[in-house]
Each structure stands twice: as structure tokens, then as C-alpha cells.
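Listed features, source TrEMBL:
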DOMAIN    B:9-132  domain 'Aspartate/homoserine dehydrogenase NAD-binding'
BINDING   B:Gly9, B:Ala10, B:Gly11, B:Ala12, B:Val13, B:Gly14  NADP(+) binding site
REGION    B:36-61  region 'Disordered'
COMPBIAS  B:48-58  compositional bias 'Basic and acidic residues'
BINDING   B:Lys108  NADPH binding site
DOMAIN    B:140-313  domain 'Homoserine dehydrogenase catalytic'
BINDING   B:Glu192  L-homoserine binding site
ACT_SITE  B:Lys207  active site, proton donor
Amino acid sequence: MSAQDLDGGSDAEADGSGEMPKPHTIRLELADEPGQLLAALAPISDNGGNLLSIFHERGNLTPRGHIPVEVDLECPPDRFERIVDALRDAGVNVIRAGAEHFGEEVMVILVGDTVDSDLSDTLHRIESSADATLQDLSLSAREGTDEASSARLRLAVRSGRVDETLAVVRDLAAEKGLHVVEPLAEGSQ
Amino acid sequence: MSLRLAVLGAGAVGGSVLDLAGDYGHDVVAFADSSSSAVDPAGLDPSAVHDRKERDGVVGDADPESVFDADYDVLVEATPTTLGDAEPGFSHVERALADDRHVVLANKGPVAERYADLRALEAESEGTVQFEAAVGGAIPILSTISDLGAPHVTAARGVLNGTANFILSRMAAEGLDYEHVLAEAQDLGVAEADPTFDVDGIDAALKFVILANVLSDGETEYALDDAEVEGIRNVPGTALDLAAEDGRTVRLIGEATADGVRVAPRLIPQGSALSVTGTQNIVQLETKHAGQLNISGRGAGGPETATAVLSDVSRLE
Ligand SMILES: NC(=O)c1ccc[n+]([C@@H]2O[C@H](COP(=O)([O-])OP(=O)(O)OC[C@H]3O[C@@H](n4cnc5c(N)ncnc54)[C@H](OP(=O)(O)O)[C@@H]3O)[C@@H](O)[C@H]2O)c1
């Protein structure tokens, strides 16, 4: 048996901590003046971030009379700090940054002979279609046997979206002819 | 009070009911296998009946039908579980109820596949139908639910197939592959020559369908077709290795919840209540006001299942 633990490892393609973009959320405060939003968004794209959505809570003022804005973006994890710094350098008030919304953790095991051959596609599609981000990944294959290989995925999932995420994983697995071993959420203590 | 039992099915369960009835103060007055029956109003002698079955392959000289003409109080139905129309078990129950006799089932078919039909027949009869033995052998699951009151139990989940659990827990503990452990289980008599019912999750699903029928209290009727069922054949050793690395393991878990019935291999924490090993079974009941209740024990076997049958019989006294 060989269990390859890629947790925080160096294989940037497979483990998601290198080049693969991950979703992040940033909460900003903007003064209610024209041009403010555009000015705030420039540091994001200038530093390799890809905007996913902007939620401009116009009717809602912060205690200081500013407008709260929530920005969802995607960027390689190592660029995220740089983006936040660039925003602050540009004078934007960043209230909260990071993946705080991914409040739940889900573990699934994918099983099948092809599980390792197109793993990066599988991971990319889980991250792009579910409210989830990969936290760590392990692969296991038993050499010299005809047992199928498996991959263990630990996903950080947006709070309240565990069922949707599992549904995405299930559909994707069905499409690729893989089996999913899902966690039992409740009653397992 | 001594009750007179008519037992249909002379296998592991029926045979043990014949052996143990006396211990509970009851008499078996009629006993049948698929081709013959023995009837004695004074009570049958278990060893004579077993000897005859072993020697001649029959339990007596009468035909199986004669059982229904005997003077009995309770029909014990322990013929093979079948899917769909649940025959011949269902007709056996129908006949006994038509004669206003009580019925105790070990057979899962009639309660899993034709629950509403069965309840309708029961409503027309002076007799009642009980089936503790059909769900989890010796473990008093249905009587616990009945004590709590079905409306106060919101869900049931757990491990109710000893064969699948034996295979998964051996694979995890010994690092062996599925085929290897299955062969070992067959040698030990834990798995049948055709293990399909157990390893494909059907047996567990039937039990959770029965639980869903009991918990829904007549509001929704469930049958095997309504259950989402996945067995353990697709759980390789590699998946168990990865689960163990993270303090988890995989068990064939059944669930009867408001969302329906589902049986599938699931990841659970090692050492958690549901991670029973070997042929052990466990059910976890989720209650409205009192949290979770766990009941575990031996979910199968002749004497174990006969124990549940005879507890049901004793409730009729
Ligand atoms: N074994 C367990 O641990 C367990 C646990 C819970 C529930 N159950 C259920 O209990 C039932 C019996 O199980 P088992 O293990 O005792 O099965 P088994 O050993 O296979 O025995 C089945 C018996 O039923 C007899 N039979 C078949 N068709 C019949 C008919 N039309 N009329 C009268 N007898 C008939 C067979 O007769 P022949 O001897 O002539 O073949 C045999 O004696 C099954 O429905 C099973 O699902 C079993």
C-alpha cells in the first residue's frame, strides 16, 4: 500500500495550495462617492485576482456612514495577502478578508480506477460549482492488486451548504464513473 | 399463560423457536417446512421433530397446509424473506388473520414490501401482527420505539447487517481486500454462498424500510423501491486506509428519516457508537425530547432471532 499524503505538500498542481485559484471573500467599506468602487477593484485585478461577484449593500450604512461591500474573488492562495495589502495601500478600508464564510468542513472519499488520472479536473469542478474549497487531499493505491484507488478530500464549505456540496460531488462522481463515500453528518458520536 | 404456537419455516429461526418455546412457557403445536408439517395438540417434542427433519428431510407426515387447521393462538412466520408480493409469507399472515389469530413475523417481506396491506388486514381481524424479530434480531428496537411512541422518534440510523459489518471491519483492521474477507466470512458461516442480499445492502434496506413504516405511523408507506441503496462492493481497502489515516472508518449505515430511507457506506469517526465491529449491530434513535438512544447487540442468528419472536409472543399474553 502506498498512501501519498499531499497535505501542504509541494505538488502545486494537485494539492490546490499552489497555482490553483481559490475563492475568497473580502468585506470593504466605501465612502458614498462616485468612482469609489472602481478604485477599490483595481488592486484586485492588478494583483492577479479574478472578480466573481460584488455585493454592494447600498441601502445599508456602516456605523461610520459608509457603504458595506462584499467582494467574492478567486485567486491563487499565495496572491491573496498581496491583494489585501494593495487594497489597504490604496486607502480602502478592508473590514474582513479571508475564507471566513467557509465555516463547515466535509470529508469525502472518491473511489475508482480513474480517480487519480483526472483529479485536477475533478477538484477544479468541485471548487467552481460548489461553495467549497479544497483543504487537503490524500491519495491511496495498493500496488500489485486490482483494488481501485481512492482519494480523500477535505473541503471547507460555506456554512449551510454541505448538502449542496455533497450533491455536486455526487453528480460529478456519477459522470466520471467514480463512487463516493460520504460522511454521516449527524448521530455519529 | 401458555400460548399455542404454529410455526411456519423450519430453518435457523423456526427451529430455534421450536427449541426455546418451552423455556417461555409456550407450546409449539404445529410446525412446517416447505413440504411437510407435524401437528400435535399436546405440544411437539423438539428433538423428535429435528431428528425427523435431519433423517428424512421432512418434519412430519402431514402437508404444510395442515398447520392452519390446528388449534393455535399465534402463527410464527419464519419462511424466507421475498421481495415484491412477499409470498408465500404474506398469504400465510392473511390466512391467520382471517381466522382471528395473532401473527409474529421473523420474515421481513410482508412488513417491508406490503405494510399498508398488512395493516389493513390486521384492522379487520381480532388478531394482531408483531415483527420485532424482523429488525435487528435480538435487539429490542421496535419495542423501544413503541415505548417511546413513534411520533417522539424523529429518525433511526445504524448498522443492521452483520455480514457487511463483519467484512468492512475486518478489511479495516487487517488491511485485507474485499474478496479475501468475503471468502473468510463464507468459511465462518457469517456470509452466505450468495452474499448478494447482505453485501448489496438489500437486507439492511428492508430493515430500515420497516423502521420507516413504523416511524411514519401510517402517514407514508415505504417499500424497498423507495429506498436509496448502495452496498459495500465498491469500498476498496484504499478507501479504508484513507479513512483510518484521518481517524475515521467506513460502515454500511442505514437511515430512516423524514427524508426517506437510505443505505450506503458512510464515513464515521473511529470509536464512535456506530463503528461497531464484527457481526454486532447497532441502532441509534433520535428522539424529540430526550436526545439519542443507542441500542446494540446481536442482530441475527437462530436463538437470537427466536428470542425476539418469543418476546413478541409473550407480549400477547
Ligand atoms: N437467520 C436470521 O438470523 C434471521 C434474523 C432475522 C430475520 N430472519 C428471517 O426469518 C426468516 C427465516 O430465516 P431462517 O434463517 O430461519 O431461514 P432458513 O434457514 O433459510 O429457513 C427457511 C425455512 O422456511 C421453510 N419454507 C420455505 N417455504 C415454505 C413454505 N411455503 N411453507 C413453510 N415453510 C417454508 C424452509 O423449508 P425447507 O426446510 O423445506 O427448505 C426452511 O425450513 C427469513 O424470512 C429471514 O429473513 C432471519
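One is the number of the first residue shown, and numbering goes on along the chain from there.
Glycine is no exception: its Cβ is also placed from the backbone N, Cα and C atoms.
Closest to B:Val13 (NADP(+) binding site) in space, going by CA atoms and restricting to the recorded positions B:Lys108, B:Glu192, B:Lys207, is B:Lys108. On the backbone, the CA of B:Ala12 (NADP(+) binding site) and the CA of B:Lys108 (NADPH binding site) stand 15 Å apart. Looking only at the recorded positions B:Lys108, B:Glu192, B:Lys207, the one with its C-alpha closest to B:Gly9 (NADP(+) binding site) is B:Lys108. Sequence-distant contacts of the compositional bias 'Basic and acidic residues' (B:48-58) (same chain, at least 6 residues past either end, Cβ-Cβ under 8 Å): 10, 15, 18, 31, 33, 35-36, 38. Annotation for the binding-site residues B:Ala10, B:Ala12, B:Val13: lowest Cβ count within 10 Å of the residue's own Cβ, B:Ala12. Broken down with DSSP, the domain 'Aspartate/homoserine dehydrogenase NAD-binding' (B:9-132) shows 55 helix, 20 strand, 49 coil. When other Cβ atoms within 10 Å of the Cβ of the residue listed as 'L-homoserine binding site' are tallied across all protein chains shown, the result is 13. Just so you know, the Cβ of B:Lys108 (NADPH binding site) picks up 24 other Cβ atoms within 10 Å once every protein chain is counted. If you measure from the Cα atom of B:Gly11 (NADP(+) binding site) to that of the residue listed as 'L-homoserine binding site', you get 14 Å. On a Cα basis, B:Lys108 (NADPH binding site) lies 14 Å away from B:Gly14 (NADP(+) binding site). For the pair formed by B:Glu192 (L-homoserine binding site) and B:Lys108 (NADPH binding site), distance between Cα atoms is given as 18 Å, rounded to the nearest Å. Most other Cβ atoms within 10 A: among the binding-site residues B:Gly9, B:Gly11, B:Gly14, that distinction falls to B:Gly14.
Annotation for B:Lys207 (active site, proton donor): spatial neighbours B:Lys108, B:Ala112, B:Ala134, B:Val135, B:Gly136, B:Leu160, B:Asn161, B:Gly254, criterion Cβ-Cβ under 8 Å with sequence separation of six or more. The record gives B:Gly9, B:Ala10, B:Gly11, B:Ala12, B:Val13, B:Gly14 for NADP(+). Within 8 Å of the mean position of their Cβ atoms, the other Cβ atoms in that chain belong to B:Val7, B:Gly15, B:Ser16, B:Val17, B:Asp33, B:Ala78, B:Thr79, B:Ala106, B:Gly302.
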